[in-house]
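Colleague: Would you mind keeping the following structure in view while I ask a few things?
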Amino acid sequence: MAITGSGSLAISLSVFVISAAFLHKGAAETVTVEGQNLATDNVSVIEGETATISCRVKNNDDSVIQLLNPNRQTIYFKDVRPLKDSRFQLVNFSDNELRVSLSNVSLSDEGRYVCQLYTDPPQEAYADITVLVPPGSPIIESREDVVSEGNETELTCTAIGSKPAASVRWMKGEEELTGETTVEETYDRMFTVTSRVKFSVTKEDDGVPVDCIIDHPAVKDLLAQRHLEVLYKPEVKIVVTYPEGLTREGDNLDLTCIAEGKPHPHQINWLRVDEDVPPHAVVTGSDLYIENLNKSYNGTYRCVASNAVGEAYDDYILYVYDAPTTIPTPTTNPVNTQALVRVRCWQVSTTAAVLLWDSSLSSMYTIDFNKDCYECILVFSIISH
């Protein structure tokens, strides 16, 4: 804001802040009279830091510059400081500038400072100094320390004693959450901000960090963090330890139940759905062992695991196949001299094979078929003695 008389003299005031955290300038105020020009900026400064107030005059005609505080007491008249507050120090004085620093700024230093140029009539320009107070370390609290999957939890974050009021953001891992915020004004234009967030948890949230992030012009990277602790029912999986392939009559069966949960499952049970477990089946901890299988054991075998949150299960369907077929050794009856003997052999395989016959009494004959069943036929002559 500038006040000008009926003359055409110009006055400007420039105020800026240098702090350990940042530099912030407000909108400049410029008054121009008869070619003289004075520019000013509003200032924001962090409590305890240093502000620098600069009154700059362009094309000064040797008029005197002085700086007044909000109570209109003279801080500096030219290069002389009538005010006894030693926190004000002269930084620079010339015909075109009066620059003064104010150290250890407090809330009581807020207000409108006046750059005054002694002309006829005197000209003034104003700059507002705003003192920023960062909040204390945020406090994050949870309604409960541990929550079960599927339930709702609530977290509260509080930022105390800031000016202006801080804003609060929530992050759960990489996900941004929406909270409900209340602002309370306390003493001396200070503010306390409280934000609450509610959400349902899953087992995937166990160990995930929840951040309360404080945004304020006087501070950066201010947050509080809490890791979620989520209880969840077991996850169950049945693994076949033996056999590796098909289960056939006469084979043994060894199953292992793997169960993980939070807390760790305190009980694991084996059962056969809709039927009794074979009487000679052996259960050892999480293992089920059945020897000498037969088709009467066919059915669904279930592993059930439970903890304080709940229970879960996995099923294994047993189907017992026939035992492998044994091919009898071919036999021959006595034959006449020079009789022809036909011998047939076969092999079951999943890959192509070549079957070879060899005999000192005959030639060798081979057949190779690219299919699952291979057949070889050997015809030779036998000479009787």
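Glycine is treated like the rest: Cβ placed from N, Cα and C.
As annotated by TrEMBL, signal peptide applies to 1-28. The feature domain 'Ig-like' is assigned by TrEMBL to 29-130, 134-229, 234-307.
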Colleague: Give the residue counts of the domain 'Ig-like' (29-130) per reduced DSSP state, in the order helix, strand, coil.
Modeller: 3 helix, 61 strand, 38 coil
Colleague: Take every residue in the domain 'Ig-like' (29-130), average their pLDDT values, and give the whole-number result.
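Modeller: A mean pLDDT of 88 is what the predicted model shows over the domain 'Ig-like' (29-130).
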Colleague: Determine how many residues of the domain 'Ig-like' (134-229) DSSP places in helix, in strand and in coil.
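Modeller: Each residue of the domain 'Ig-like' (134-229) counted once, the result is 6 helix, 60 strand, 30 coil.
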Colleague: Work out, from DSSP, the number of helix, strand and coil residues along the domain 'Ig-like' (234-307).
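Modeller: The breakdown for the domain 'Ig-like' (234-307) reads 3 helix, 42 strand, 29 coil.
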